[in-house]
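Visitor: Feature annotation from Swiss-Prot assigns RNA binding site to K180, K190, R195, Y260, Y350, R354. The compositional bias 'Basic and acidic residues' annotation in Swiss-Prot covers 487-508. The region 'Ncore' annotation in Swiss-Prot covers 1-404. Residues annotated as region 'Ntail' in Swiss-Prot: 405-522. Per Swiss-Prot, the feature region 'Homomultimerization' maps to 440-461. Feature annotation from Swiss-Prot assigns region 'Interaction with the phosphoprotein' to 462-471. Under the heading region 'Disordered', Swiss-Prot lists 487-524.
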Amino acid sequence: MAGLLSTFDTFSSRRSESINKSGGGAVIPGQRSTVSVFVLGPSVTDDADKLFIATTFLAHSLDTDKQHSQRGGFLVSLLAMAYSSPELYLTTNGVNADVKYVIYNIEKDPKRTKTDGFIVKTRDMEYERTTEWLFGPMVNKSPLFQGQRDAADPDTLLQIYGYPACLGAIIVQVWIVLVKAITSSAGLRKGFFNRLEAFRQDGTVKGALVFTGETVEGIGSVMRSQQSLVSLMVETLVTMNTARSDLTTLEKNIQIVGNYIRDAGLASFMNTIKYGVETKMAALTLSNLRPDINKLRSLIDTYLSKGPRAPFICILKDPVHGEFAPGNYPALWSYAMGVAVVQNKAMQQYVTGRTYLDMEMFLLGQAVAKDAESKISSALEDELGVTDTAKERLRHHLANLSGGDGAYHKPTGGGAIEVALDNADIDLEPEAHTDQDARGWGGDSGDRWARSTSSGHFITLHGAERLEEETNDEDVSDIERRIARRLAERRQEDATTHEDEGRNNGVDHDEEDDAAAAAGMGGI
């Protein structure tokens, strides 16, 4: 019987291994598109010329009249400018089954009077039409940088910041767009500027060189459509992480940005390991969790087999990345999320209300996480030399911390709080009140929020967070009563003022009450 159980335990991992292993059949190459990439030749030595070419690449990448593959090629050309040998960079990181990069050199000929003396060429021939297409007049539909209203002026930027800083600022921002385009495409602009703030504070990106919102959206649209560009950037990260130690400042900044996309799309998998397995609670011995534990073990083996590219399997669209979805191990994931919402308050905003959520296991996870005995790791008792007295005191403290809190967290997706209040200053400090304070407004939760004719005062998400930090449970209920009382008084004043009109100037009360209810004010 033991042998039979062992066979079942290893079936999942062996099955996954056999599916993903190469069968040794004939290799039939697929169709590949050709992408033109432009690199600087040895005759381009002036910093002003280099920065002009960089901003030209950026402008072409935003041209909506061009195909996305062409626009992606200009972004590749821009990224390659960070290296002394762009050809070697593309040879090392640009091997891709979807595209074939064709490299053209840009040279500077002082005798040329048109196209600013630039000429596009290869070893054998020159390309006049391509040169005119690349360096000819081009109308920018929007400024590239926030510090400019018209086309980029390389001389001005170069004089202020210098070439390495300008090029580094541009390339770092392209990498930040990659991060946000992959992880939160719906909020690309907001996410980009939030992530950029750290680089602005340390001086990596100067204010005049910050991308405009239109530039961010344009680059993001190209990255979402050109998987070959994303693959090139990921391979760049892998190379920097594994093959080199003498990184430039720009490359170190790229590594910092790249850390934000490590394990992107694998949050459920990582959280299941962290809260479901590594906590090592007794619930893991349940028989209905065993299939999911075996599945998770198989996924861990698959993840480790990917080597340095493992953190990027979702970004690279590796065929196995769908196996890591929590729907493939729902019971264990549900249990882990129950533990998580108790142990980590930030996880209470994590989206747990999914169709495959096992409610019983979700509640079980919360129950064992709240249990004082389960919080003590027996594996560390001997190693740390914990005495029986110390363990008893620890159990006592844990029981006191969790005592009286028998409520369970419901599955939720979280959300910001923004409550429209009347145009009045509300003092949030607790104050004494009497039963008479509550007279004049009903106890019904739907009636206790007064309807007003204006909403000029808001509690925003930032204010709500500050309120949560500065108040305790008793303060919250007191604040709720006082806000309701103030609004009730204002409602009574409005009713007196508009008695002859019979209505409050056409205000949609239902909509306002619904907004307050949606913001959760009734449950403070």
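Glycine too: its Cβ is placed from the backbone N, Cα and C atoms.
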Visitor: Among all chains shown, work out which of the binding-site residues Y260, Y350 has the most CB atoms within 10 A of its CB.
Guide: Y350
Visitor: Taking the Cβ of K190 (RNA binding site) as the centre, count every other Cβ atom within 10 Å, in any protein chain shown.
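Guide: K190 (RNA binding site): 13 neighbouring Cβ atoms within 10 Å.
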Visitor: Test of understanding: give the count of other CB atoms lying within 10 angstroms of the CB of R195 (RNA binding site).
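Guide: There are 19 of them.
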Visitor: Can you work out the mean pLDDT of the predicted model over the region 'Interaction with the phosphoprotein' (462-471)?
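Guide: Mean model confidence (pLDDT) across the region 'Interaction with the phosphoprotein' (462-471) is 43.
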Visitor: Go through K180, R354, the listed binding-site residues, and name the one with the sparsest Cβ surroundings, counting other Cβ atoms within 10 Å.
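Guide: Result for the binding-site residues K180, R354: minimum number of other Cβ atoms within 10 Å at R354.
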